[in-house]
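**Student:** Input: one structure, supplied below.
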Amino acid sequence: MFSLNQTSSYLSKSSSPNLCGFSNSQRKACCCVPVVVSALGNNGRAVMESTLKEIRNGGSVLDLDPKSTVGGGVRDVYGEDRATEDQLVTPWTTSVASGYSLLRDPHHNKGLAFNDKERDAHYLTGLLPPVVFTQDLQERRILHNLRQYEVPLQRYMALMDLQERNERLFYKLLIDNVEELLPVVYTPTVGEACQKYGSIFRRPQGLYISLKEKGRILEVLKNWPEKTIQVIVVTDGERILGLGDLGCQGMGIPVGKLSLYTALGGLRPSACLPITIDVGTNNEKLLNDEFYIGLKQKRATGKEYADFLHEFMGAVKQNYGEKVLIQFEDFANHNAFELLTKYSTTHLVFNDDIQGTASVVLAGLVAALKLIGGSLDDHRFLFLGAGEAGTGIAELIALEMSKQKGSPVEENRKKIWLVDSKGLIVKSRIDSLQHFKKPWAHDHEPVKELLDAVKAIKPTVLIGTSGVGRTFTKEVIEEMASLNEKPLILALSNPTSQSECTAEEAYTWTQGRAIFASGSPFNPVEYDGKQLVPGQANNAYIFPGLGLGLIMSGAIRMHDDLLLAASEALARQVTQENFDKGLIYPPFTNIRKISAHIAANVAAKAYELGLASRLPRPENLVEYAESCMYSPVYRNYR
C-alpha cells in the first residue's frame, strides 16, 4: 500500500503533498478525504493523473468531460467499463480515512458503543442509529441472540462473524462466558465447522500457504498485515481431531486455538497468526467436492513434503525472529513426531497433540491422587491408543515419576502399557512397531482385545486416546470397577462422537464410583440421587498459559520441564470444593487466573533452566503475567 505522499509523487511527479491539491486546512473544511491507491497500471496512471489535474485546477467530478464518462456516470478512470473481456484490468482498491471504514475495522470498531463525541470526531454521525450502548449491553444482546440458535454450527458462524466485525466485543463475550462458548469456538463444534469449511467459508481468517508458493514462502508471510507475531498455530490438516484428513479445511483449528490464546491466555490478537499448510489431501470426498477450498491433488509426501516444511520453518524464523512460538496442530503421527524432533533444537516449537495433551492429562492424574490415594508410582496405566496423544502422555507420566523418585525413565515406563489397533504393545512385536511405540514394548504375551488387556494388566487408570468412539464397552468399564474401588477413567478423544465412552456410561457401569474426565464436554449426571460432574481434560487449560509463560520470559526453546511445570501449576488450582464434586480439574470460569499461575510457573522454570532471554526477571511472576494480558474492554477515542 502506498502512502499518501508516495502516491501523489508517483502519479503526478509533483511536489504537492496531497492528491486533491488543497492545503490541510482546506481539506478539513471540504468533503475531500485522503485516498491511498493500492494498485497502478500504465494506462490507469495516465488517466488518473489527468483526472487529478482537472480536479486540482478547481473542477469537480461533475465538471468532467461527458465524453469520457460511461452512460452519463462518473468518469471511467481505470478503463474498466471500456475494456473487452479479453483485456486485462487492474484491480484498483482505495483506502479512505472515513468513519465508514472505521466501522469495518474489527480492531477499532465499537458499533453502537461509539459515544456522541466520538461519532462527531470520526465522521460517524448518521452512519449509526442515535442510541449509544455500553459494551456490557452489547454483550448481553449478542449472547441473547446466540442462544436463539438451536444448531451449534450456527452459533459458531455467528461468533466468527462477530470476531471479524468487532474484535474486542468478541473476546469480552468469550472471556465472560467461557464455559458456555468454549464448546462453540472449539471442540466439539469446530470439528463440524472444519468438515463444512468449504461451504461456510466467507473471509480468510489466517494465512494459506500451498505447494503453489514453494520457493517464495517468505514472500507470502510478508503479505500478512501484522508484523509483530509472537505465536503461530500451524496445521497441514491431515489429522483434524478424530475426523481424519480435512486438508485445507483444517484452518478452523488454528483459528480456534488462537482465539483461546487471546481469550484464556491474554495474548494480543494482532500477535497471533493462524496458518494452514496445503500440500493436498487424500480425502476423496473433498477432492470431488466442488466447494473444496484447497489444492485438489493427493498429498505431497517424502522429500517434497520435508523440503516444503523446511522452507516454511526457515521463513518463519527469518521473518519473525528466534522467539516466535510455533505450535504444530493436528499433523499425522508420522509427521508430528518427526517435525517436533527435527526443529526442537533450532526453533521454539510445541505440539499440542503430543505435549499439550500430555501436560493437561498429567495435571489431572496428579490432582486425582487426592481422591484415589498413593503416588503416581503406585498406579498402573493402560492406554487405548498409541499415537501422538497416547505416547506423549505416557512419556510425561514417566518423566514425572522420575522427577518424584529420582529413578530412570526406562524403569518407570514399565508401569505404563499401551494398546493399539493390533493389541497390547509387547516385545514380540517390536520389529513391526513405529519408532515412537518401541519404548512401550514390554515383556508380555500377545493380547489382542482391550478387555483381555484390562484383565491381564489390572490397571488402576484407563486412558483413551484412540479417536474411536464407544471403545470403552460396558464389559471393559465393569472390569475396571471390579479391580478398583475408584477407577480413574479418561475418555479423551475428540469430538464428542469419538469419545471412548460417555460420562453417563462411566458412572452407571461403575455404580457411581468412577472418577471420570473426557476430552469433550459432557453434562452432569444424576446417579442414585447424587449429581456427578464430569471433568474435561481440555488442552485449553494448558497451552494458553504455557504460551504466555514462554513469551513473557522470552524463552528461546521448549523443554520437558516446562511442561511438567505447567502440569504442576494446573493441579494446584483444583480446590477441595472441586474434589468434593469428583472433579480433577478446576472450573473454566477462573481460566485467566489459572493461566496466569501456569504462565508464572513456566516462566520461573525457564529462568531456572537458562532458557529465558527477557531480563531482568520480574519479582512477582503471577502479577507480571496478569499485567501482560490483553484486555478486551473498549478504549476511548480522541
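Glycine residues also receive a Cβ, built from the backbone N, Cα and C atoms like all the rest.
Okay, so TrEMBL annotates it like this:
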type	residues	note
DOMAIN	163-344	domain 'Malic enzyme N-terminal'
ACT_SITE	Tyr186	active site, proton donor
BINDING	Arg239, Asn494, Asn538	(S)-malate binding site
ACT_SITE	Lys257	active site, proton acceptor
BINDING	Glu329, Asp330, Asp353	divalent metal cation binding site
DOMAIN	354-607	domain 'Malic enzyme NAD-binding'
**Student:** For Arg239 ((S)-malate binding site), identify the closest of the recorded positions Lys257, Glu329, Asp330, Asp353, judging by Cα separation.
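**Tutor:** Nearest in space to Arg239 ((S)-malate binding site), counting only the recorded positions, is Asp330.
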**Student:** List every residue in the same chain as Asn494 ((S)-malate binding site), at least 6 positions away in sequence, whose Cβ is under 8 Å from its Cβ.
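**Tutor:** Spatial neighbours, sequence-distant, of Asn494 ((S)-malate binding site): Thr187, Pro188, Gly191, Leu241, Gly242, Gly519, Ser520.
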**Student:** Say we define neighbours as other CB atoms within 10 Å of the CB. Which of the recorded positions Arg239, Lys257 has the fewest?
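**Tutor:** Per-residue Cβ counts within 10 Å for the recorded positions Arg239, Lys257 bottom out at Arg239.
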**Student:** What's the CA-CA gap between Glu329 (divalent metal cation binding site) and Lys257 (active site, proton acceptor) in angstrom, rounded?
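**Tutor:** About 9 Å separates the two Cα atoms.
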**Student:** Between Asp330, Asp353, which of the binding-site residues has the fewest other CB atoms within 10 angstroms in the structure shown?
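**Tutor:** Per-residue Cβ counts within 10 Å for the binding-site residues Asp330, Asp353 bottom out at Asp353.
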**Student:** At the Cα level, what's the spacing in Å between Tyr186 (active site, proton donor) and Asn538 ((S)-malate binding site), rounded?
**Tutor:** 10
**Student:** Determine which residues of the same chain, besides Glu329, Asp330, Asp353, have their CB within 8 A of the center of the CB atoms at the recorded divalent metal cation site, and list them by sequence.
**Tutor:** Thr235, Arg239, Ile240, Ile253, Phe328, Phe331, Ala336, Asn351, Asp352, Glu388
**Student:** Any idea of the Cα spread of the (S)-malate site, Arg239, Asn494, Asn538, as a max distance in Å?
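**Tutor:** With Arg239, Asn494, Asn538 as the binding residues for (S)-malate, the largest Cα distance is 18 Å.
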**Student:** Measuring Cα to Cα, tell me the gap between Asp330 (divalent metal cation binding site) and the residue listed as 'active site, proton acceptor' in whole angstrom.
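**Tutor:** Taking the Cα atoms only, Asp330 (divalent metal cation binding site) lies 11 Å from the residue listed as 'active site, proton acceptor'.
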**Student:** Which residues, sitting 6 or more apart from Asn538 ((S)-malate binding site) on the same chain, put a CB under 8 Å from its CB?
**Tutor:** Leu182, Thr187, Val360, Gly519, Pro521, Tyr585, Phe588
**Student:** I'm trying to understand the geometry here, so how far is the Cα atom of Lys257 (active site, proton acceptor) from the Cα atom of Asp353 (divalent metal cation binding site), in Å to the nearest whole number?
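**Tutor:** Checking the Cα atoms of Lys257 (active site, proton acceptor) and Asp353 (divalent metal cation binding site) gives a distance of 12 Å.
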